[in-house]
Protein chains: 4
Amino acid sequence: MVTDPQAACFEAGIKFGSLYHQFAGTPLSPSSARSLERAMAESIENQPYCESVRVEILDDALEAELNESSADYTELTGEFMEVEMRIEYEGVTVRTKMEMEDGYPLMKLVSVEE
Amino acid sequence: MVTDPQAACFEAGIKFGSLYHQFAGTPLSPSSARSLERAMAESIENQPYCESVRVEILDDALEAELNESSADYTELTGEFMEVEMRIEYEGVTVRTKMEMEDGYPLMKLVSVEE
Amino acid sequence: MVTDPQAACFEAGIKFGSLYHQFAGTPLSPSSARSLERAMAESIENQPYCESVRVEILDDALEAELNESSADYTELTGEFMEVEMRIEYEGVTVRTKMEMEDGYPLMKLVSVEE
Amino acid sequence: MVTDPQAACFEAGIKFGSLYHQFAGTPLSPSSARSLERAMAESIENQPYCESVRVEILDDALEAELNESSADYTELTGEFMEVEMRIEYEGVTVRTKMEMEDGYPLMKLVSVEE
């Protein structure tokens, strides 16, 4: 009733939702960006079938936001990061990506390969 | 490269990861259980393709935890809830469920139907 | 070394930080605003010394955001809510408030009374 | 109506509540503990008046939990960390600490000095 590629895609989605909603709202500045990237990636890599996570805080978007508001820090939202993940489930490899599209952070399936 | 059923399963996973990691850690008691159930369901139903969410806080498990610790409240984790969701994506219906299995909260695909 | 009013203010701060960072990022629309208000208030009222919490989702600010972005929902941040709390600790009453000031959500002590 | 030491204690409480409820629920294993400690400290140090944060994931408590459950990872809760913070507000220094006491994570004021 459920195929391995479908289950692999479900697992991939779980990791994305987890990453986003665990860390959205975290206080963020240029000086704390690198440690947050690393902690996000390493914590989500703990989850089952999650082979690799790469998080990139977008320094330019962050600096632009801070310049505009003249604040020292902001809160993490999707507009300040790009994420790539690779999920391995029962021989299926799923690649996913989150990036901004038309002003919104979009989580998408890049490929599903058996 | 990615089929509609696969994309539907990815969307279903996103909702589960979001629900769990947005609300895990919320202070929880028997008197606040009903409002939290409802807020969790209604907030996740805002997400795209998410047709229905049912959250049930497990009163018995909660009472047992509070009796054992003689505390007035605890923090929400997977052992205190069951969740069911229905995702509709491009004509594909995905049903998912979270429940305890061997002492762990397990998120699973129940069915994928075109 | 630490007075009761100081400890009461510390407790009040804990509740505010908890409320904000537990729920920031929650998917939010006009139709889910009421249940979220209630769940936020009731869950934080579980915490020690927290006598009452009132959360108001600002419907006008929310509608304005959704109109501007033509999205169906957004994520909860400080700009969409006002919060009032009353803490009672060892005979000290602390009243606190969160509201927007100069474009930022500001958490403040309103009064400390013995 | 509100003294500087009281306001300093309120600020200290905000930071503790923020740290706890932002990061509670994060997937945690021995191999991701160091990066999470660092990200928690650096992100909360972004907040106003927060001069220093030290987070220590308790490796022994974490290993004990994982051995007992034979899982590879768990979720961050108060039993797996100790936290110390120093807040500086209008000439007042507040030191705070979170540690386990009688099986519960307790956030406390250590000292308030003008």
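Every residue gets a Cβ built from N, Cα and C, even glycine.
TrEMBL does not curate its annotations; it predicts them automatically.
What TrEMBL says about this one:
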type	residues	note
DOMAIN	C:3-109	domain 'Dihydroneopterin aldolase MtpD C-terminal'
BINDING	C:Glu11, C:Met107	substrate binding site
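Summarising the environment of C:Met107 (substrate binding site), the number of other Cβ atoms within 10 Å of its Cβ, over all protein chains shown, is 22. Across the domain 'Dihydroneopterin aldolase MtpD C-terminal' (C:3-109), the DSSP tally of helix, strand and coil residues reads 49 helix, 37 strand, 21 coil. There are 25 other CB atoms within 10 A of the CB of C:Glu11 (substrate binding site), with all protein chains counted.
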